[in-house]
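Engineer: First the structure, then my questions, so here it is.
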């Protein structure tokens, strides 16, 4: 059933009828072995043999039905019109890990200690660790849904809109698509505005529009016209700069306030009023749900590869957040700054030489986040437009339109999602800041808190109904774990 309708990747210049020639009929009775590689077998394969897959097929470690049918379906995704998606080397486990690290760590991490100062070292560390477990569990659910959709539909990339539409229906899927698009644009504008601010500080005479446009244009050229290896290389270099910068900041803080850091361990306030305010900020800081479907595209052939990359890539931001939080709380206790609201100013007050490291970290965090959003959002935007057109139009031919020239369409979408934030950040920054506050709270709680466990429960229920022994849950705990994640998301939404 899944094989039908998925082998329509021929170009208009090479219709299937051109392979059924009289010469082919004369060769069929002989079946010479030397011609097997140049002529297709009679009925079993709908594709000629010279259209061989350039990648290994998607493969689950747990068979879908025990009959091996799942492996047959997996041969479909590599046959795509987009050359960038099929060229060897597109799969990169460590490229996915670096993309996770860069997107998960944002400049907002530097301000996190202002929300944890009331609780102290041990309570804040426990809150950060539990928040990380919650975030990673939710992201693993999105990865599970993404791989299931890729296998079911025979594609090599899905979007959050597609996942919502397939589980919740087209109506709710359209709502999710609009909210998701608004959130993604908000995050892109935040990155563009932040990078433009840093460029303006370094070069005060630069026009604000030009300052906002420099790095997004560089990223757009890299993503639209270069192979993914170039994007991966630039992202890894920025991740290296970010790691070096945060290490320098932590070392500076430890060298200045080593004694106060030890004394700060004695203070702890375990009251909910002191601990809870740090949890929403930590969840927003460590989350990278936006790029999870794209991570599933490049990470490997199994959902277990995605889970491994999520755990490894998510552990690095966790270590950075914990170390930065400990250092700043130690410095705050040394100077009696129990009510400070700017950790960066606090660090610079004790050592002004740390300013280059602060700027380096902020730039690298914003740049890696921008790259992550820019490579994942075009697919989301395309699916959103397609879903809206299907919702308000009866023309079904538009379903396959994006496949006609996906390389060109991908470049256009990439530039679209980068140019619009440049103008918003340059001319509507005040209005945008309010929209970002709204989107960052409510959109995140709804999209990445409530929806993943709900969609996972629906998907697992449908799968077990079709085949009771067909599903192996990637996130341990079954429905109990889904219920816990859902309740936490609702509590966070109410708390906000």
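Glycine is no exception: its Cβ is also placed from the backbone N, Cα and C atoms.
Feature list, courtesy of TrEMBL:
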COMPBIAS  1-10  compositional bias 'Basic residues'
REGION    1-52  region 'Disordered'
TRANSMEM  93-112  transmembrane segment
TRANSMEM  132-151  transmembrane segment
TRANSMEM  172-203  transmembrane segment
TRANSMEM  209-228  transmembrane segment
TRANSMEM  240-262  transmembrane segment
TRANSMEM  274-296  transmembrane segment
TRANSMEM  308-333  transmembrane segment
TRANSMEM  353-375  transmembrane segment
TRANSMEM  412-432  transmembrane segment
TRANSMEM  438-458  transmembrane segment
TRANSMEM  478-495  transmembrane segment
Engineer: Cβ under 8 Å, sequence separation of at least 6 from the ends of the transmembrane segment (412-432): give me the contacting residues as numbers and ranges.
Structural biologist: 184-186, 188-189, 191-193, 196, 208-209, 212-213, 216-217, 219-220, 223-224, 373-374, 377-378, 381-382
Engineer: Report yes or no: does the transmembrane segment (132-151) come within contact of the transmembrane segment (240-262), defined as 3 or more CB pairs under 8 Å with a sequence separation of 6 or more?
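Structural biologist: Touching, no - the transmembrane segment (132-151) and the transmembrane segment (240-262) miss the threshold of 3 or more Cβ pairs under 8 Å.
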Engineer: Grab the same-chain neighbours of the transmembrane segment (240-262) for me: Cβ-Cβ under 8 Å, and only residues 6 or more beyond its ends, written as numbers and ranges.
Structural biologist: 101-102, 105, 316, 320, 323-324, 326-328, 330-331, 333-334, 347, 350-351, 353-354, 357-358, 360-361, 363-365, 368
Engineer: Under 8 angstroms, Cβ to Cβ: which one of 93-112, 209-228, 478-495 has the largest number of such pairs with the transmembrane segment (308-333)?
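Structural biologist: If we count Cβ pairs closer than 8 Å to the transmembrane segment (308-333), 93-112 scores highest.
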Engineer: Hey, which bits of the same chain come close to the transmembrane segment (93-112), Cβ under 8 Å, at least six residues off its ends?
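Structural biologist: Beyond its ends, the transmembrane segment (93-112) has Cβ neighbours at 194, 228, 232, 235-236, 238-239, 242, 278, 281-282, 284-288, 290-291, 294-295, 298-300, 305-306, 308-310, 312-314, 316-317, 320-321, 324-325, 342-344, 358, 361-362, 364-369, 371-373, 375.
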